[in-house]
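**Student:** Pulled these from Swiss-Prot:
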- 204: active site, proton donor (ACT_SITE)
- 336: active site, proton acceptor (ACT_SITE)
- 162, 336, 365, 366, 387: (2R)-2-phosphoglycerate binding site (BINDING)
- 241, 284, 311: Mg(2+) binding site (BINDING)
């Protein structure tokens, strides 16, 4: 049957060469699930805690403590349970941890087990993962938000914003959307090289040129879109992840690249001007994670013109999301499985968002793996949007390739989300 008979955790490496947790789950009927846990560089203060060893190995970043929790306490607690009862399994691990932020056993330990259990249950029923999680109604292929220029803590340059994304809103399918993105990515590489900029890539596969402002980065992207024969705003839109918490201090936003300091009102005005000047349809973390006043002002100013996404603000946490909904802050939530630490809590956050009319965007982390779980999750939740990096690095492409496969599997039932921003 679908009874858990063994759980094996191990320490492996992520896309940055840092340790992460991998978990194998075996069921009584021979079914098997394996999951790898991602890790962020730009992390919100309110995220669940990933447990690191803090010793000399891997400069303190080892995860042997989290692995020991998987192979010890968690196995003892979950052995003999039914893998199909995801909520009960996740709740049992949360209770076992006993802390509000999963700090004792580690969110990385809990998440690895939670995702591997879901994969094993899907395998036992001979179902694709997206179908097992999402049921028969899972059929929407997400519009990809492709991060082709990296800045902030994701790159060694002076750009303060963390991500500049192209969004193929006018593509007829996810396969074609990925083609659009790849063509623009390579066109951008050529333009950067011709202009004398380095074309090395950052953590998420995007280029990391020594630009000093957001306008400069967007202008290069716009030129690359046009060079490929696509129409900005009609076929390709633009998205930003400001990651504003990273340059927010004492009530102001400090732009090292521009050498400017903006107060809350000036930050809002600056973002509003960018939306007016370019086909920007989504802005993530335009204000800092605890700048609720700024978030409210930003939402009131451009929330009807642009998707306002809370990442560090909401950290995939249903309670923080409910607070934001009550305050009228933001209109979308970024969903990162490791911010909360279990699959069932992740799905709950998506449900809370959808019930309130907020959009949800399934997202990777800067420290990724070859695990393509989030591609299936995006389809399972019918959320219509996914962030999984640029068109380089196999840890990013694993998700894009899985979306192509899922679209093929769904056949005539598949529907590409496309332009959901209007």
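Glycine too: its Cβ is placed from the backbone N, Cα and C atoms.
These figures come from a predicted structure and were not determined experimentally.
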**Student:** Determine which residues of this chain, when 241, 284, 311 are set aside, have a Cβ within 8 Å of the centroid of the Mg(2+) site's Cβ atoms, and list them as they appear in the sequence.
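**Tutor:** Output for this site, in sequence order: 162, 163, 240, 242, 243, 283, 285, 309, 312, 334, 387.
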**Student:** Given the binding-site residues 241, 284, 366, which lie within 10 A of residue 336 (active site, proton acceptor) by CA-CA distance?
**Tutor:** none
**Student:** Within 10 Å of residue 241 (Mg(2+) binding site), Cα to Cα, which of the recorded positions 204, 365, 366 are there?
**Tutor:** none
**Student:** Pick out which of the recorded positions 336, 365, 387 has the most other Cβ atoms within 10 Å of its own Cβ.
**Tutor:** 387
**Student:** Of the binding-site residues 284, 311, 365, 366, which one has its Cα closest to the Cα of the residue listed as 'active site, proton donor'?
**Tutor:** 366
**Student:** Are there any residues at least 6 positions away along the chain from residue 284 (Mg(2+) binding site) with a Cβ closer than 8 Å to its Cβ? List them or say none.
**Tutor:** 163, 239, 240, 241, 242, 243, 309, 310, 311, 334
**Student:** For the binding-site residues 162, 366, which one has the sparsest Cβ surroundings, going by other Cβ atoms within 10 Å?
**Tutor:** 366
**Student:** Enter the number of other CB atoms within 10 angstroms of the CB of residue 311 (Mg(2+) binding site).
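**Tutor:** That number is 30.
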**Student:** Pick from 204, 241: which of these recorded positions has the biggest number of other Cβ atoms within 10 Å of its Cβ?
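**Tutor:** Counting every other Cβ within 10 Å of each candidate, the maximum falls on 204.
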